[in-house]
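The structure appears below as structure tokens.
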């Protein structure tokens, strides 16, 4: 399947694509980007939902107020959020080596990407959940709902649309971050832009990367907005 | 029966202690419609939330059918809450769920089977007359329809008590009327105790059997609606009654009075039987005085008519005196209002 697509694309672009970069390499890079975005979104999403929900319910006016948890977790999230991604990428190398066994490659990049996007998504999710009208929570409590029921049957479904839009924003940030991950040999189309476009002065690669990233972001945003409107 | 015993609630705000509720003692008879009225900030919304403990008192007990709710653990409290329905000013329906899903929600939480949920849903849709809106979303409904859905949701689990927090305050007068009629029907047909918080005296007048008037965290006056309407004691209560039953002569009537003898104005208060009989006509026939009706209003509370009439009496002072005595003998309260106007 992959070979067929590569072959077809190569033939299709042959008349105008003149570069040391082969279409095969390009498709590999695109796959690496998808791979990083997918797994970082998955792990970061799990992190984000847990963080967002915990911060929502433990806040002083939440449904299960807990000063200790809230006041410990909140500054940790802020600390992680304050690190620029490029620094985080290097700072977590020991952890990456411990978890993945190496600090180079796509899987290795997923560790810092997750640590980058997790707390960010957590904040976005928390904001979305906070938007749910207090009255909804009150009506749930009046029905005798348990805290878990309040979260899963009332707050999460009611914030669905806002959650999807915020997750869309997070995905787009993540696509940007994967480009930087190229700096530690993670591959992906960001890496192509740097190693072929910048370092080998191959402008056509830069243009191609920009166009592909642009399309990717447009598609993600459009799909996100469409999903948010569904009910 | 719902009892509040020595309830106090206070909280700190910028170093100051705010007394939201101050030494409240109140009994709400089972099967009644009990109104709690007060201006905003009087503590009435806090008080109604004590019944299902959405708010906790700092002191005192909430006792419902001999059970001390303030002593319940979280689990038992949730079970009890499932038997108390509640409706809200802004309806609080789930925007992402259909009318049917909203109504079924309390049953779903309790793990009621799909077949039984469906059965109850159809009964409720029938009752609120919204069968055709079953699959609509809340944003496709009018305010009155939303509140009907809220009512159906509150009734889903066959509660014994229904709490209404400003349930009609966001509705227009016509819709308010129909929602109040529905609540009255629920009270009468299903013998559900209804507690309602409102700032509108006409809501109390229309449906409540009993009323408590609140001000600054205290219950300043309580009694049957008829008692409160016919003999209000506290100035705040009088102000509320004034909103539905004008107790002062409108200024324009005074201005337009041909005979400027304000000293001859009397206020007659009718209650119950005296309001139905033709006492005024009898006075005119019996005494040789001229009687000028300036302004009158009447209302009916739980089947008893109460009303007021401002009249101007002109003629021989002695005969006027006799006429007044005659009126009083017939159960009409007469006040000389010449001085206050």
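Glycine residues also receive a Cβ, built from the backbone N, Cα and C atoms like all the rest.
Checking TrEMBL for transmembrane segment across the ranges A:133-156, A:205-228 points to A:205-228. Segment annotation: TrEMBL labels transmembrane segment over residues A:36-57 (candidates A:14-35, A:36-57). Tertiary neighbourhood of the transmembrane segment (A:163-185): same-chain residues 33, 36-37, 40-41, 44-45, 48, 85-86, 89-90, 103-105, 108-109, 112-113, 116-117, 120-121, 124-125, 127-129, 156, 191-195, 213, 216-217, 220-221, 223-225, 227-228, selected by CB-CB distance under 8 Å and a gap of 6+ residues from either end.
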